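Q: This is the structure, below, for whatever I ask next.
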Amino acid sequence: MKSALAALRAVAAAVVLIVSVPAWADFRGEVVRILDGDTIDVLVNRQTIRVRLADIDAPESGQAFGSRARQRLADLTFRQEVQVTEKEVDRYGRTLGVVYAPLQYPGGQTQLTNINAIMVQEGMAWAYRYYGKPTDAQMYEYEKEARRQRLGLWSDPNAQEPWKWRRASKNATN
């Protein structure tokens, strides 16, 4: 009887733990780490959730503008409480989501702002493409405007897409 009760408690504890992990729903938490220009760690109920900003692709760390993109994401989110709207979980277990952080606007007004969009609008990231097509039409419009204005990475006439850079780097090591 005691072992059955212990097993039942263990199952109940596991269910509570699984249900309390916000990996399958929208959540709020504090950004505790910036991995690169499109990936952050968010602390939620003493658990760290890795979040990949959906629909954008920032330069890699070893790539031109990689450090600047990472720094800009840090400026916008580090130690801030953010809201994440989850789109899906990728094959690496990362939450793909839209990140909203409080930004202060002229006149002192603060409002939650789409950080994914800011990164693309400021030329710190590309609109993400899947088989050559943007996954979000609005992000692609932001990218075209940033490119037109030569903002951020678009100031470099030789800016290389992260997916091409990753492929070239992988081929160089093989």
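The first residue you see is number 1, and the count goes up from there.
Any Cβ shown, glycine's included, is placed from N, Cα and C.
What you are looking at is a predicted structure, and each value in this text was computed from that prediction instead of being measured.
Below are the features listed in Swiss-Prot for this protein:
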type	residues	note
ACT_SITE	Arg52	active site
ACT_SITE	Glu60	active site
ACT_SITE	Arg94	active site
SIGNAL	1-23	signal peptide
Q: Measure from the CA atom of Arg52 (active site) to the CA atom of Glu60 (active site) and give the result in Å, rounded to a whole number.
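A: Approximately 13 Å lies between the Cα of Glu60 (active site) and that of Arg52 (active site).
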Q: Give the number of CB atoms, excluding that of Arg94 (active site) itself, located within 10 Å of its CB.
A: 18
Q: I'm trying to understand the geometry here, so how far is the Cα atom of Arg94 (active site) from the Cα atom of Arg52 (active site), in Å to the nearest whole number?
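A: The separation of the Cα atoms works out to 6 Å.
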Q: In three-state terms from DSSP, label Arg94 (active site) for me.
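A: Coil, per DSSP.
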Q: With H, G and I counted as helix, E and B as strand and the rest as coil, say where DSSP puts Glu60 (active site).
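A: Assignment for Glu60 (active site) reads coil.
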